[in-house]
Amino acid sequence: MRKPIIAGNWKMHMTIESGKAFVKEVAASLGDTEVEVVLCVPFTLIQPLSTAAEGTPVKIAAQNMHYEDFGAFTGEVSADMLKEVGATYVVIGHSERRQYFNETDETVNLKLKKAHASGLKPIVCCGETLEEREAGTTESVVKRQVEAAFEGISPELAAETVVAYEPVWAIGTGRTATAAQAQEVIAYIRSLVEAKYGDEVSEEMRIQYGGSVKPDNVEEIMNEVDIDGALVGGASLKPDSFLSLVNF
Ligand SMILES: O=C[C@H](O)COP(=O)(O)O
């Protein structure tokens with residue numbers, strides 16, 4: 001049985017004060033949730049929110065990292081630096097990183113290896129653009145991204161990796177993939193994992209859907225057999241809304 005994982009991706013939103021108040025409010029309402037609850041926050045919020053989340057089920061994630069340990073990489077942050085300030089998860093290869101910051105399949109793979117080596121739990125994103133979907137290349141795009149990401153990753157570490165399928169056309173647009181569309185691609189991703197690693201790993205791996213997930217569509221999405229969670233942007237910014245997602 002795979003444990004559901006609901007992750008809020010705050011992108012470039014929130015402050016230390018609003019973030020701490022958010023964690024306090026959400027943690028107070030969570031109780032003994034069966035869901036893994038993750039907040040992917042800006043770098044500057046990782047330490048204060050990790051402290052605020054201590055003793056609660058809330059886990060704090062970074063939204064990106066560099067694949068080198070240290071060096072002349074102005075503006076970058078390493079995996080060990082993220083661990084040092086309390087991050088437990090890290091998002092790798094979000095489409096906004098791919099689109100605006102030259103993230104490639106190759107750097108996604110290097111980051112995945114480094115995250116695992118450092119003991120950070122990776123959430124690796126993949127997903128096609130609208131043009132790619134309309135051209136009928138969704139599966140080949142996702143196949144390329146997933147195979148490249150997992151190049152050289154052992155079965156044990158693959159099983160511990162979370163994959164987030166996020167069709168780019170559904171991100172922040174209000175245009176959600178239907179639950180059936182999301183299920184179809186996520187089942188395909190699971191079949192790719194099975195082909196590479198076998199049954200056990202593909203059954204163990206958690207795969208999220210992301211793209212305009214909201215309180216009113218989360219249940220339908222989570223009811224799909226291969227969907228184990230959601231990676232949520234806009235609807236994760238308000239405690240009430242985020243709690244509704246966690247309590248799908
Ligand atoms: O990482 C989250 C995704 O980009 C989805 O964002 P959204 O829920 O605002 O569409």
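Yeah, the Cβs are placed from backbone N, Cα and C, and that goes for glycine too.
Bear in mind that TrEMBL entries carry predicted annotations, made automatically and left uncurated.
Residues ASN9, TRP10, LYS11, GLY172, GLY233, GLY234 are given by TrEMBL as substrate binders; from SER140, SER202, SER212, that same site also lists SER212. The secondary structure of ASN9 (substrate binding site), as reduced to three states from DSSP, is extended strand. Residues ASN9, SER212, taken from the binding-site residues ASN9, TRP10, LYS11, SER212, are distinguished by a CB atom under 6 angstroms from ligand 1. A 10 Å radius around the C-alpha of HIS94 (active site, electrophile) takes in these recorded positions out of TRP10, GLU166, GLY233, GLY234, in sequence order: GLU166. Comparing Cβ neighbour counts within 10 Å across the binding-site residues GLY172, GLY233, GLY234, the minimum falls on GLY172.
Each of the binding-site residues ASN9, SER212 was assessed for Cβ neighbours inside 10 Å, and the highest tally belongs to ASN9.
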